[in-house]
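K.L.:
There's a structure below that I have some questions on.
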């Protein structure tokens, strides 16, 4: 029977206006496909057999299946999903949190809040959560939980349970067909158009809903300076999205000291560049004639034409460079260690300290590929037997195939960068670049800026093509859980993006101008001369490349990430209102928004990969501000500005333009933390090599202490320029039409003997001395900074001592309470062991712990639909492993009684 829409009365409810809609399925009511109808009928019948309550709405072209999860189903699946739920308030729990009387805490209480009240969120609107102990939900321990409380099962839990059932329900009569399972497969086959939970049905403060409050107080740009209401974000979106915003906020705050030091370094160079002797010598030089920068078409040029660029180079290449690079290397370690310490508090507060991805059920796609596999594996976390693919015949070939294709695409990216390098070298022969008109200094800025823009466009285009390939290759692999699948895909795409965005910068930092040869014998690639650095070094060009790619990427991302979702959402809404896709007007061609499910239908779909792009942008940015920050000290400042707006734009996007995300549990950042840890190590090596080989720091130091008896850098520029007799030019290298006359000697940036030396154009001893000092500096710098990083990591414990003590007290109090209650239950049962309660014998799985089943439990309730897992009614004690229990090393392990 087609239900009529009642505007406003059933905005988020069934027609009885009592049962709330937890999840919605949408399909085209005009679809005449008999197979799709049969699949929908079987699927919805199986959903009802799982205990879900369903109501159809057929009053428009798009038909909606409204789903409500009753409380008995919620309690059953919360136990299966091992949800950490808030316990009843225990008698002595207020004594657990001890007041900290340390000097640090006293100073914080006295000075922090009065000085920084303007950044604290409004506690009247975002009340701090009540302190509650968390414990893994069990219906056998009704004395722990007040599950009859109205809001005990929060909307995020209701959505998570509904999604869990939808992903694991069959849509075929043949249950042995394990591939016929889950809403994901039905959507791929267009049986359903969409499946989504509902947003709160308001977007303004006139309604007291959480979404409106978050839009007003969190997603507003005007609130950029305020802290984020992380607990409320977690309640609305779930732990996974809340963890992202917690990390983004922490990372943004940590950028403040890095930005301050970077600005100090920049202004130091800006204030001291007029007194820079290198630029003074270049600007005051009137007679030094430089050798041509390309073959045939390029003419000789005066050294003084690089006056301006030499002044700019000093801003980024000065005495503060080493201080700043050491600071950023230590900052990277401090940031990661402080994040672990900060996140440990969040993990404990949100009840995810003991969460382990091994406890996740297998992906339906994984089980469907293993339907004929007889080999079984015991899962130590779930205590169930699961099919396992053979390593040598299934897993290894799939991994080899997958990563071979990924490696091929990475090589393709390197080839694209090589093509840009060749393009740069070919332009050196163009009169349009180095012909008549224009200064050499101006061309040295415009030329790298143009190629950097081309590189940005090429890398962006390659990204879109590669993502499809990476996803396909990950599907080839045997990834058991969705977390494993996501992390494998994350690693593949990051490896590609690392090469895609950083390869051209690595070329300028470590390759350009290092092996150009000399006018009598240039080193060539495809018969083209290699690029040379200006007399001031390549650091200025590296800075230009970094600024354009980093700032350009951030600008494009900021515009597209809010503009594209807005346009896509408006287009979908416009199409639905006009009924463009309608084939018949019998039930009305237009999709009229008279409730929350029709309103949300026009929003952009949220999927597992939606959060990936947000992490990727930030981790790529993190690489810019650590690996290459020596060349661009303003990078942390630009990153800080970007992130301040990124946080609020992401919030607005998730709340307004995307369907509500399914809440997911995670314990930490996953593979992203490991990636940032590796990037921090790479940054130390990169900084050492950039200072040693791309800047003038080492040659200038050697000149002042070894060559120049006065101990100053006077005459340093002349010292770095070698002499060349123009009669020794190799074929087709000398200028064809020169405006200079009577030129016999020109200069070039190299350490080589003059033409009248017994060993003309060979390397002098000073070159080898400088090379040795450079390599020595790299070794000393790397080991010194690495030692400081180790000391910092050792000095900062991952978990605060106060939190460790609190966890121990909580577990002791909880265990004592459970023991007391179990003794009371056994006394009431009148037996010495597990007895008969409510006329039923307790299951044997609790006999070893002295526990009895709850009165409302039944054999049917103990069965869970895990796809192909046979014995999911077995719940042995979870064994503590290093991978799953972060506090095991401290002796903090939750007892299972």
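Backbone N, Cα and C atoms are what each Cβ position is placed from, and that goes for glycine too.
These numbers come from a predicted model, not from an experiment.
Features from TrEMBL:
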- 13-230: domain 'Anoctamin dimerisation' (DOMAIN)
- 233-810: domain 'Anoctamin transmembrane' (DOMAIN)
- 244-271: transmembrane segment (TRANSMEM)
- 320-339: transmembrane segment (TRANSMEM)
- 400-425: transmembrane segment (TRANSMEM)
- 445-470: transmembrane segment (TRANSMEM)
- 491-510: transmembrane segment (TRANSMEM)
- 544-568: transmembrane segment (TRANSMEM)
- 619-641: transmembrane segment (TRANSMEM)
- 671-694: transmembrane segment (TRANSMEM)
- 771-796: transmembrane segment (TRANSMEM)
K.L.:
Which bits of the chain, at least 6 residues beyond where the transmembrane segment (771-796) starts or stops, bring a Cβ under 8 A of a Cβ in it?
P.N.:
326, 329-330, 332-334, 337-338, 341, 680, 684-685, 687-689, 691-693, 698, 701-702
K.L.:
Residue list, the transmembrane segment (400-425) vs rest of chain: Cβ under 8 Å, 6 or more residues beyond ends.
P.N.:
447, 451, 454-455, 458-459, 462, 466, 469-470, 473-474, 476-477, 492, 495-496, 499-500, 503-504, 507, 525-526, 528-531
K.L.:
Per the definition of 3+ C-beta pairs under 8 A with sequence separation of 6 or more, do the transmembrane segment (320-339) and the transmembrane segment (491-510) touch?
P.N.:
no
K.L.:
Do any residues, 6 or more residues outside the transmembrane segment (544-568), come within under 8 Å Cβ-to-Cβ of it, and if so which ones?
P.N.:
445, 448-449, 452-453, 455-456, 459-460, 501, 504-505, 508, 604, 617, 620-621, 624, 628, 631-632, 634-635, 638-639, 642, 645-646, 649-650, 652-653, 657-658
K.L.:
Assess whether the transmembrane segment (671-694) lies in contact with the transmembrane segment (244-271), where contact requires at least three Cβ pairs under 8 Å among residues 6 or more apart in sequence.
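P.N.:
Contact criterion not met.
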